[in-house]
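A.B. asks: Structure in structure tokens, see below.
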Amino acid sequence: MKLSTISAFVTSALLATVGHTQSDSSSVDDLEGTWSSKSGAVITGPDFYDPIDELLLEPTLPGISYSFTKDGFFEEAIYQVSANPKDPKCPTGVLIFQHGTYNISDNGTLTLEPYMVDGRQLLSDPCKQEENAVYSRYNQTEKFKRFSVYVDPYHGRYRLDLFQFNGAPMPPMYLAYRPAMMLPTVTLNPTQEASQPENTGSTRAKIRRSIDNRKVTGIKKHSVVDYNSLWWFGVSMIAAGGAGWYFL
């Protein structure tokens, strides 16, 4: 077999691999998992919101995270900090938690329907609030015109692009966990209007056990595949093969 034939074969295989990873998809199977913006500091689950004590836990850096299951549940965690142009010493910060169900329509629209009683928001505006931030319920249905999942050619990681209903892109997110790192997909803090169970203490105990179990079983941090390194490994193998062919 000639060197040119070997090189062509290996190059074709590498191009096929990279080309496949760069093709995008918008299926439920590809959407599954926990996605986080570039900093990776914001992740859905018990490290962002404690449903037992109803606490929003501030991450080290701002960011967004969305999680999806194959059977139609979602969770979102948002931490945003906005500068105050009039007074740089007074930035505002907001923490938002929601979870519920989602639906993908035939035209690719992604709709998130949160559980009305479970959403929480913590708003901090130090120049308007002398001491404490404002903690309140939060309920906002979200619609995305479309979404796309593919391997980012630069970072070599699975990437999720969400496009708002007006077509504007959200910050890109990267796969952090699959299956998703999420709180239980049931109503966490039911009210009387939401058909509250008779034994609330028992319900909270079940939620706590579920959270503890999710921390130790079935959830794995997604490893990063460096496709640039894979490409250069292939090139080096071609070069080594060429050298070996030359000295035969």
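Glycine is no exception: its Cβ is also placed from the backbone N, Cα and C atoms.
Keep in mind the model is a prediction, meaning the values are calculated, not measured.
Here's the feature list from Swiss-Prot:
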SIGNAL    1-23  signal peptide
TOPO_DOM  24-229  topological domain 'Lumenal'
CARBOHYD  Asn103  N-linked glycosylation site
CARBOHYD  Asn107  N-linked glycosylation site
CARBOHYD  Asn139  N-linked glycosylation site
TRANSMEM  230-247  transmembrane segment
A.B. asks: Cα of Asn103 (N-linked glycosylation site) to Cα of Asn139 (N-linked glycosylation site): how many Å, rounded?
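C.D. replies: About 17 Å separate the Cα atoms of these two residues.
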A.B. asks: State the Cα to Cα distance, in Å, between Asn139 (N-linked glycosylation site) and Asn107 (N-linked glycosylation site), rounded to an integer.
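C.D. replies: Approximately 25 Å lies between the Cα of Asn139 (N-linked glycosylation site) and that of Asn107 (N-linked glycosylation site).
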A.B. asks: Identify, among the glycosylation sites Asn103, Asn107, Asn139, the residue whose Cβ has the fewest other Cβ atoms within 10 Å in this structure.
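C.D. replies: It is Asn107 that, of the glycosylation sites Asn103, Asn107, Asn139, has the fewest other Cβ atoms within 10 Å.
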A.B. asks: Through the lens of DSSP with three states only, how would you label Asn103 (N-linked glycosylation site)?
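C.D. replies: Going by the DSSP assignment, Asn103 (N-linked glycosylation site) falls within a strand, counted as strand.
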